[in-house]
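Right, one structure below, let's go through it.
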Amino acid sequence: MTQDELKKAVGWAALEFVTPGTVVGVGTGSTASHFIDALGSIKDQIEGAVSSSEASTEKLKSLGIPVFDCNEVDSLDIYVDGADEINGNMQMIKGGGAALTREKIIAAIAKKFVCIVDASKKVEVLGKFPLPVEVIPMARAYVARELVKLGGVPKYRQNVVTDNGNVILDVHNLAILDPAELENKINRISGVVTVGLFANRGADIVLMGTLDGVETITQ
């Protein structure tokens, strides 16, 4: 199976965790896109979705799935999204698609976070994939200097503006041995909106696409 076929397999496998009559939290990216396709097949069985990006919102609407504003829901039964990296503690790096802040908000609201990935995303130590940090534009240089102090090599993601009107710094050369601590440290830097470490609120269930099929991992 190709990598995209593995992504499709986990996207459709996630339907098993969707409760009829609920609003579903939906992520962003190539794997989440397959889940949206799958969700379209049961659109008459769900109330709708809350989306983490304009791109996902557009796709959901194109499939006839109602999209609710995050402020319209008190909680979500489930949030389904991919990851750029995930470790054995189900902590993740996310934000390759620049939707990390909205993804983190939806993860916080959701009772259950189902992470859908292909096996290539599994790592022992987070950090080989550059760590995205969403930053208010006027603070870009200051935040970059602070990230250097933490041992990283930040690079400005050119020609990218988030759905919130901010910029992204991708932090290279990190071996993240304590993801929760680093998440807290970076989030305390003035001008940081959020960091793409999902460590304090990790996944509850991981669906991992392998050549032998979809593996379900729980804590």
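Any Cβ shown, glycine's included, is placed from N, Cα and C.
Binding of substrate is attributed by Swiss-Prot to Thr28, Gly29, Ser30, Thr31, Asp81, Gly82, Ala83, Asp84, Lys94, Gly95, Gly96, Gly97, and within the candidate set Lys59, Lys61, Lys121 the record adds Lys121 to that site. Take Thr28, Gly29, Ser30, Thr31, Asp81, Gly82, Ala83, Asp84, Lys94, Gly95, Gly96, Gly97, Lys121, the residues named in the record as contacts for substrate: the widest Cα to Cα gap among them comes to 16 Å.
Look at the binding-site residues Thr28, Ser30 and count other Cβ atoms within 10 Å of each Cβ; Ser30 has the fewest. Here the Cα atom of Lys94 (substrate binding site) is found 9 Å from that of Glu103 (active site, proton acceptor).
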